[in-house]
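**Q** Heads up, here are the entries from TrEMBL:
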{"type": "DOMAIN", "residues": "23-94", "note": "domain 'Glycine transporter'"}
{"type": "DOMAIN", "residues": "110-180", "note": "domain 'Glycine transporter'"}
{"type": "TRANSMEM", "residues": "20-39", "note": "transmembrane segment"}
{"type": "TRANSMEM", "residues": "46-63", "note": "transmembrane segment"}
{"type": "TRANSMEM", "residues": "75-95", "note": "transmembrane segment"}
{"type": "TRANSMEM", "residues": "107-128", "note": "transmembrane segment"}
{"type": "TRANSMEM", "residues": "134-155", "note": "transmembrane segment"}
{"type": "TRANSMEM", "residues": "167-183", "note": "transmembrane segment"}
{"type": "TRANSMEM", "residues": "189-207", "note": "transmembrane segment"}
Amino acid sequence: MPTYLEAYRMQQGFGQVVDMDSFSLVGTMAFAFSGYLVGARKQLDLLGLVILSLLTAVGGGMVRDALIGDPPRVFFDNTAPLVALGTLTVAWLFGLHRKESRLINRLFIISDSIGLVAFSLAGAQIGIDMGMTLFGVVTLGFVTAIGGGIVRDVLVNDVPFILSTDFYGIVSLLVGAGLWGLAELGWHDAWLVQGLFALGLLIRLVAHRRALRLPTVNSI
């Protein structure tokens with residue numbers, strides 16, 4: 001099986017039209033910001049806040065790279081850590097950690113949702129580039145999207161979103177499957193992928209707004 005970088009060079013059009021690096025950057029900024037907000041809410045010290053934000057931003061990608069047999073890209077490319085640190089700096093300069101808790105919670109849901117959908121697309125595209133099946137594509141998108149959030153929530157002793165709320169994992173699975181479908185149909189249109197991003201984000205936010213969730217074991 002080729003490594004991710006080898007597969008990326010061998011791709012035949014879909015990834016060349018749709019720039020997934022932009023989704024990776026958006027996901028990195030969004031998850032770094034969500035980690036910052038959680039750290040502020042938990043009143044972590046400065047080092048704890050930086051660690052939480054960085055691990056939230058890069059954790060999913062590191063797990064994904066391990067699954068496909070590549071060393072984590074973040075160990076060889078400074079882009080993600082620098083973007084995460086830049087996001088933290090901007091958030092701190094705007095004093096967002098001092099805002100009232102209701103606003104912080106709203107900003108968290110929005111940023112976490114953006115990161116979820118963006119990383120679902122970026123991870124799924126790697127599976128497509130490597131010629132994976134639907135299961136492989138969806139799995140890579142899923143792991144990339146939820147890995148950082150799980151690390152964030154576990155570190156602050158919260159139940160990970162993926163286990164309890166708001167169609168969180170379902171959205172990632174749907175987005176990954178949707179991207180695979182576009183690739184299979186040969187619809188090499190960046191607008192369609194951006195539309196898929198918007199649709200996934202809308203589903204996630206509506207699910208949160210209406211408190212939609214899968215039934216629990218006790219309710220079945």
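Placed from the backbone N, Cα and C atoms, the Cβ positions cover glycine too.
Bear in mind that TrEMBL entries carry predicted annotations, made automatically and left uncurated.
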**Q** I'd like the per-state residue tally for the domain 'Glycine transporter' (110-180) from DSSP, helix first, then strand, then coil.
**A** 58 helix, 0 strand, 13 coil
**Q** Six or more residues out from either end of the transmembrane segment (189-207), which same-chain residues have a Cβ under 8 Å from its Cβ atoms?
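**A** For the transmembrane segment (189-207), the list is 17-19, 23, 109-110, 113-114, 116-118, 120-121, 166-168, 171, 174-175, 178-179, 182, 213.
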**Q** Suppose you look only at the domain 'Glycine transporter' (23-94); what would the mean pLDDT be?
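**A** A mean pLDDT of 94 is what the model gives the domain 'Glycine transporter' (23-94).
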**Q** When DSSP states are grouped into helix, strand and coil, how many residues of the domain 'Glycine transporter' (23-94) land in each?
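**A** Going by DSSP assignments, the domain 'Glycine transporter' (23-94) contains 59 helix, 0 strand, 13 coil.
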